[in-house]
């Protein structure tokens, strides 16, 4: 591969691998510049230094929990160092092997039997595991030749180079026993107790446990064990419950991520077993398997090339060397984990799993799947700000309460002073201080929204699991939420908007239309034989004929399958046609040139060069055609116009047009040397046209509705295809991407070359208007993505080919196709669309918007609780020296707010309402004006009602005649109970921040109903049975009704609040403008 080819290769330019010399284009540096610490709109390409900076700026109570699902920066650096060492080791071994092979080549050696091996052979195989490993891992060409070459090794492994291994259960078990399985040891997932330990590391919970222990010791000492354990014991139990709930929630999340990660690594590949191509998991590949390879595939195991046509391998993932290695009989060894950069061929598997360098590498480095998402980083900023405010409030409360206590201004419910200088015992004074300190620390626990950033992970984990059921596999967490901000989707045509079920429905040959297309009587014998020769040899597909008879099995890409099926209909015997000639050189189908070709050597030493590709491009290279009389006739202007008109007519009816042509070639001009042959450029001119076929690929059912759904949601769908512009136009009209024929004009409809030739400024002007781009090269898609991003769009791109990798990587969201997509495309993507369906892409948009909406619901709910709890306790502390909500009660409120609230609101499924509003901008404020309105109304209501109860509750509830202690406890219990019911009812309000009907669809969300039911049940238990534990008393049924009524008023209040209009301009902008003035 030349340097020029290398520069445009997706293999090196777009890998996130510092060892392999990858770099980001300057174009994206604006993502890093000029933004705040907690503003990283594109975490996909953020530097480690940038990620480290926001972690250091965040106010964190429990770092191990807060940063659990973010990238472990220390491990990432260690992983990179290990990778660099491993690659250095590989390079040293390679150099040593090259030196040894050169020495062996220069020393003449008589052929003889293999040296006697002391290794153990298992089963009925004639070669041991150690011998295989020494051949492939050491790249020992001489040892391979002594074994009889690849044919000899295959015989020793009881494998056939054409039919592969039998593949029955007994055969596979014996191979796995002898040579191992294609898996490697993985580190076990973290146990439940690890999560319990992580939850225990919370700074405030540790302080509370220490305070509880001190309170317990003092209580037992002063009041005895029977009564003295309650204060300290209740706090300890409350902390323990918080820890267990937190650990259970985190553990369930980790299991979901673990399952999704296993799914990501489960690559499916084709192997040949019993002569048939079958798709199996990469983990099921066995030694002796014959594996077809094509551009973009991952080499699934160590092996030896059987056949290769322009086969080039990108080994940078193993060696770190930025070069593509050509593979042939002189360099036949393939390393597991590498990618096919060009060409196609077949390989014999000789090493799997831990017996390969790739297996050793994967088992030695720990794969860290953590990553931060833009929303997660922003929420850490919000949590830090709120935390600082809460911390300040807690300090004020502590100072005020301590000052009042030690100056004798704090009184017991019966009116006696709690502390009298010189009279109160030291133990009682310390106990009083501990209670005050505990309340202050608990205020910090409630005030610092530790669960806010973790709620992102929770909703992403839930969404990822549900998206998997919707046929979308998320590879990068950030893509989940970014998809909700997508403003445009650049989609492929074939297989995404269409079914990818192709059939030849029209054919032109001999200057005439062949109707029906498989009517053999209209084709002269010469054309028939040449067509069958070209169809059978110029393909990466195959035809399997079952020995017991039955339907032929055609495999390959949909286009290849359609043309092979047409050949079969014309009477082609695939096996016989391939045996009549030998491929001496191949030019694999190229997205740039839109065609592929082969040079064939026939039995009479004649050479034929066959080409197949985009009809108008191949036709332009044809100077003649074969007429109905079997004669080669010159391609005059009339015939050329006839064929062009046929192409245009077929394209206008949304048919994919493919031309098949050939030319004879002189044997003397073909290079005889293998090195020269590998770089030989197949002759492209003076071709003889054999046929032009029109292939029908119907639109997917429901794709028009899916496109319309995107348009309604403010997301523009653009089609970018390599097909003829007229074919693209017809499909775009059918799908609804183009509204009418009036829209099908430039620049709405543009050819890739025309867009490519524009200047940067012109491309920026045109990009927004483009709806359809036809005959696009992979680089055109990349240029379009770059132009759209510069215009401020959040761009999602679909792709399946290897050359789509640059565009997939550079887009905000790369969507690779799961069925037709190559491994290179999938590795460059953020989400894999498992069914290749555009409707699934739209479902991903829905889920992306749902993630953002759910987080906003949770923010509104949590901040309402935060504000209300803080104001109630602060006002009470400053005015009376007592707080109505004690430490245990605040910990229970924190549990409702953080863990249970997040579980309830983060798991809301997406609604149609989400797809009727425009995309959320990535830099729009997290707390919208609507949320501020709802939050202020609810918090103001709660604070007002509960403070009235706090200061006038004894009189309102007619408790003057009760003992002062019981009246104080009953009043505070009602405040606590009413406060919890306010949160339960407000949880329903939070479901629909901008809709009147908050109950819509609530019964369908069983998880939400379950959480609300559990919260209600636990509240009843706390009030009725755990009075000593929570410092509460049992309430009468009348006070239960009062508590429910106080909570229920939040519903009509929310309805009235939603009728109050709010400005579209964010409040934050008003504040910013005023501060600047």
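Cβ atoms here come from the backbone N, Cα and C positions, even for glycine.
Straight from TrEMBL, the features:
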type	residues	note
REGION	1-41	region 'Disordered'
DOMAIN	146-220	domain 'Cation-transporting P-type ATPase N-terminal'
TRANSMEM	195-220	transmembrane segment
TRANSMEM	232-251	transmembrane segment
TRANSMEM	382-406	transmembrane segment
TRANSMEM	436-462	transmembrane segment
TRANSMEM	1007-1027	transmembrane segment
TRANSMEM	1039-1060	transmembrane segment
Which range wins on Cβ pairs under 8 Å with the transmembrane segment (436-462): 195-220, 232-251, 1039-1060? 195-220
What is the three-state DSSP composition of the domain 'Cation-transporting P-type ATPase N-terminal' (146-220), stated as helix, strand and coil residue counts? 47 helix, 3 strand, 25 coil
How about long-range neighbours of the transmembrane segment (232-251): same chain, 6 or more residues beyond its ends, C-beta under 8 Å? 65, 68, 192, 195-196, 198-200, 205, 208-209, 211-219, 438, 458, 887-888, 891-892, 894-895, 898-900, 902-903, 1028-1031
Can you check how the pLDDT averages out over the domain 'Cation-transporting P-type ATPase N-terminal' (146-220)? 84
